[in-house]
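Since the structure comes first, as C-alpha cells, the remarks are kept for the end.
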Amino acid sequence: QLQNKILILTICSAGIGGTFQYGYNISNINAPASYIQRFMNTTWLERTGVPLESNVILLLWSFTVSAYPLGGLTGAVVAGPMAIMLGRKMSLLLNNIFVIIAAALSGFSRMAKSFEMIMLSRFFTGMNAGVSMNIQPMYLAESAPKKLRGVVALTSASFTALGLMLGQVVGLRELLGGEESWPFLLASNVVPALIQLTSLPWFPESPRYLLIDRGDKESCISALQKLRGTRDLSAELEEMLAEQAAVKGQRAKNPWELFQNPSLRWQLVSIVVLSSAMQLCGNDSMYFYAAYVFQEAGIPQDKIPYVVIGTGSCELIASVTCNMVIDYAGRRPLLLGGYIFMAGWAIVFMVALSQQTQISWMPYLSMACIFAYILSFGIGPAGVTGVLPTEVFDQMSRPAAYMICGSLIWFNLFLVGTAFPFIVKSLAHFCYVPFLVVCVCTALYVGFFLPETKGKSFLEISEEFKKRNFKTKTRAGFYKGPEEIKTTTL
C-alpha cells in the first residue's frame, strides 16, 4: 500500500499539468472546428475584401491541426536536455510557460482578428505536451517504490485519458463549445497549468536524479523520506547506490550514442517498435470514424457529441483498469493482449463497415467495435508503452531514450493524421488493413522478444538485456579475443 499521501499528491500535481494537457488539447479543438474555419474566412474577407476558397480554408485548417504534432516533436527533442540540466521537477514547472503563451495567443486571437495566432498557439500547446509526455513518466517512475513503479508511472496514461474526456465535455455547446465562447475553450488549458505551478513546488524532486545525476545524497534521502513516510529506506538506498556505482564516471548520453552502443541494441529496438506502434495501430483514427458510425446507427446529429464522450470515457476506464492490474499481470501480457484484441476488432470492424448498408444491425456492430478497440488500446499499449523506456534504460541513457520515443510518437501522429484521409479514399472499407498489420507484427515482437520487467530493479532489467545483446553477438559469430571475455565476468 502507499504509505504516504505525498506520493499520491505528487502524482496528481505532475499529471494535471502534464499528460492531462496532451489529452485535453487533442480533443478540445474538435468542437469549434467549423467556427474557427468561419473566423478564418471572415478575417481574410475583412483584410482583402475577397473570401477564401473552400480548399484554401481546408488547407489553413490542416496547418492549424498539424501545428500541434509539430510542436510536440519539438518538445520531445528539447525534453531530454531539459531533464538532464534542470531536473525532472523544474522541467515540468518551466514547461507551463509554453501553455501560458499558447492560452494568451488563442484567447486574444479573435480580438486581434488573427487566425495566425491560433496556429502559433497550437504549436506552443504541442511543445508543452511533447515535454510533459517525456518527463512526467520519467519523474514518477524514478520517484516510486519498486513494487508500485508500474502503477505510478502508468498514471500518465490515465491523466491523458482524463484530459481527452474533459476536453470533449468542455467542448459541448452548452459549456464552451459555442460560437461566442470558442476562444475561451482554446485558452482554458491555462487552468491546469496554474494548478501545477502552485502545487508542484511543494513536492520533492526525483530521488534517483538527485543521487545519480547530481551526486547529492542528503537531498536524495530527504526526498525519499518525504515520499515514503517513516519506512526503512536502507534497501532502496542501497539499490540506488549500486546503480550509481554502475554508471560512475559516465555522462548523460545523446540519442545518437544509443544507436552506436551495441549493449543497448534490444532496448532500443523495443522502444522504437512499441512507440511507433502506439500511433500506427489506428486508435486515434477510431475517433475519426466515430461520428460517421454513430450517425449510421441512427443517433440524431445533435446527440452525437454526447455519445463521442463515451469513447473518451472508454479510454479512461481502460487505463484506470490497467493501472490496477499492471503490477499483478505484468507488462508483457497487457501489451500482448491489447494488440491481439485490437487486431481481432480491426477485422470485425472492416467487415461491419463493408456490410453497413446491407444489414440493418451492422452499424451497431461497428459502434461496438469502436468502443472495444479503444478499450483494448487503453488496457495495454496506451499506458505500458510510456513506462518501458524508464525501466529498460539506465539513468544516463533514459532522457535520450525518451527523446527517441517521444519523437517517434509525435512524428507518427503527424504521419497518420496526414495519411489517413488518403488511406480511407483508396482502401474505403478496408482502411484498417495497415493498422491490422501493425497490431499483428507488434504482438509477435512482444511475444517473442520483449522480457518481463515487473517487480525487477533497474539493474536486474539491465542485466537481462545485457545477456540478450551478448547472446546475439555470439550467435552472429563476432569474437574480439580475450578483452571480450573479460567483460562478461560476473
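For all residues, glycine too, the Cβ spot is worked out from N, Cα and C.
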Transmembrane segment range according to TrEMBL, out of 182-203, 270-291: 182-203
Stretch of maximal Cβ-Cβ contact with the transmembrane segment (430-450) [cut-off: under 8 Å; candidates 151-170, 334-353, 400-424]: 334-353
Contact call for the transmembrane segment (365-388) against the transmembrane segment (400-424), three or more Cβ pairs under 8 Å: no
Chain residues in Cβ proximity to the transmembrane segment (182-203) (below 8 Å; excluding those fewer than six residues from its ends, i.e. six or more beyond): 6, 9-10, 12-14, 16-18, 20-21, 24-25, 28-29, 31-32, 35-36, 89, 92-93, 96, 99-100, 102-104, 106-111, 118, 121, 125, 128, 170-171, 176, 226
Mean per-residue pLDDT computed across the domain 'Major facilitator superfamily (MFS) profile' (11-454): 89
